[in-house]
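> Handing you a structure now.
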């Protein structure tokens with residue numbers, strides 16, 4: 001749903017995951033918007049998951065729904081111990097459990113080897129170029145990250161941070177208060 005169509009939904013963020021040089025970084029902005037009002041500027045939408053923090057995850061969408069998905073995904077990760085298997089098992093549940101079908105959120109998850117998007121329809125998508133960008137500023141961040149990867153020697157963490165900053169300059173639902181995690 002377009003954020004402007006329902007002013008009562010908490011929405012809009014930008015999350016990006018970038019791989020370079022054997023490292024992966026996931027970054028997100030800190031803005032939470034309700035309707036046309038910024039409610040919070042320093043939300044933490046990127047977290048480490050798993051027993052040893054071996055998976056990075058970021059969310060876009062309704063905050064309460066995203067926290068529910070974080071919890072469910074982490075339970076699957078603890079049970080299966082492997083990112084792809086946990087994502088597929090969560091996606092199966094998302095498609096079959098009635099309460100999950102109504103959740104309005106996307107997850108971007110990454111470990112040392114794999115990056116995945118878990119979509120609101122229960123799809124699990126692996127990007128072909130190792131970059132994930134979701135949320136209202138996702139297209140801007142994706143474009144910035146691709147350009148920085150192609151034309152600089154910057155590391156994954158710096159590219160992810162700069163991509164969020166560029167998106168924050170363009171997208172009104174994204175700010176420059178960046179939280180970034182790296183493996």
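Positions of Cβ are set from backbone N, Cα and C atoms, glycine also.
Sharing the record's features from Swiss-Prot:
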- 13: active site (ACT_SITE)
- 168, 171, 174: Na(+) binding site (BINDING)
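Thinking about packing and proximity, how do these listed features fit into the structure?
Residue 13 (active site) falls within neither a helix nor a strand when secondary structure is assigned with DSSP, and so counts as coil. In this view, residue 13 (active site) is surrounded by 32 other Cβ atoms within 10 Å of its Cβ, with every protein chain counted.
Taking a C-beta cut-off of under 8 Å and a sequence gap of six or more, residue 174 (Na(+) binding site) has these contacts in its own chain: 12, 13, 14, 29, 31, 135, 136, 137, 140, 164, 167, 168.
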> Excluding 168, 171, 174, please set out which residues of the same chain place their CB within 8 Å of the center of the CB atoms of the Na(+) site, keeping sequence order.
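Surrounding the site, in chain order, are 14, 29, 31, 136, 137, 140, 141, 164, 167, 169, 170, 172, 173, 175, 176.
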